[in-house]
């Protein structure tokens, strides 16, 4: 039986509050580090991570530290897996009565560095490797997307709380599709080859630059579908649940060794089979190693 403090609704509330607090922190720190617009590298505030084109900033690490400190106060003893600070290597091995918090302090760091208003704080609560609650704060828009298993998906903004539903599109040719690209040259080449096959099949394609926001846009009906290779669990832990609870069909590949990351697909139900068949036809459901 689920402990009362592990009920999805309660975990969602924790995630929503933390995401909103962290988003406010990110907005303030960005102004301190970069000024009103991008100013160089913020005097050394940006460094490379997995490749020269994969940045991490002092604000990423500061924000994750804030979230870890808050969770230590609110949920002492809960394991934490964060993009910058690491955590359990296998979240599925966590005891069934324990919640693991999966954190991405800034999803869309390149956008953040350049001052493009599409980056997010993502917080997922997982039990046995399955997300049961989560929240994604769109930092620049000052909105929070959230969901809990069986309780639907919602958007909270200055006007209140709104139920999210994905679109009713039923033809792939009329779908607005989101996607993203990895950081390694090899991965990008393979992704570009696949995209060349997919573009003629859809209405148009958007590259937002944040997997968490892409998934939330599917939930909100601002995209009809989204797919991407090389996604990490912290990128999609919250967003995938939000899309699913809004009615989207969501596919997450099984993690594999070798650093390939996950294949993530989310689509309005009326086009999901058609999109999955198209991706399968061009070998687009297989992970792409870095």
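Placement of Cβ uses the backbone N, Cα and C atoms for every residue, glycine included.
Owing to the predicted nature of the structure, the values given are computational and were not obtained by experimental measurement.
Residue 106 (Mg(2+) 1 binding site) falls within a strand segment according to DSSP. Annotated Mg(2+) 1 binding site per Swiss-Prot: 83, 104, 106, in sequence order, evidence recorded as similarity to another entry.
Summarising the environment of residue 107 (substrate binding site), the number of other Cβ atoms within 10 Å of its Cβ, over all protein chains shown, is 30. If you look up Swiss-Prot, you'll see 83, 106, 107, 108, 109, 206, 235 marked as substrate binding site.
The Mg(2+) 2 binding site feature in Swiss-Prot is assigned to 104, 107, 235.
According to Swiss-Prot, the N-acetylthreonine annotation covers 2, on the basis of a large-scale study or a structure entry.
Annotation for residue 104 (Mg(2+) 1 binding site): spatial neighbours 82, 83, 120, 121, 122, 123, 212, 234, 235, 237, criterion Cβ-Cβ under 8 Å with sequence separation of six or more.
DSSP classifies residue 83 (Mg(2+) 1 binding site) as coil under the three-state reduction.
Here the C-alpha separation of residue 106 (Mg(2+) 1 binding site) and residue 206 (substrate binding site) works out to 20 Å.
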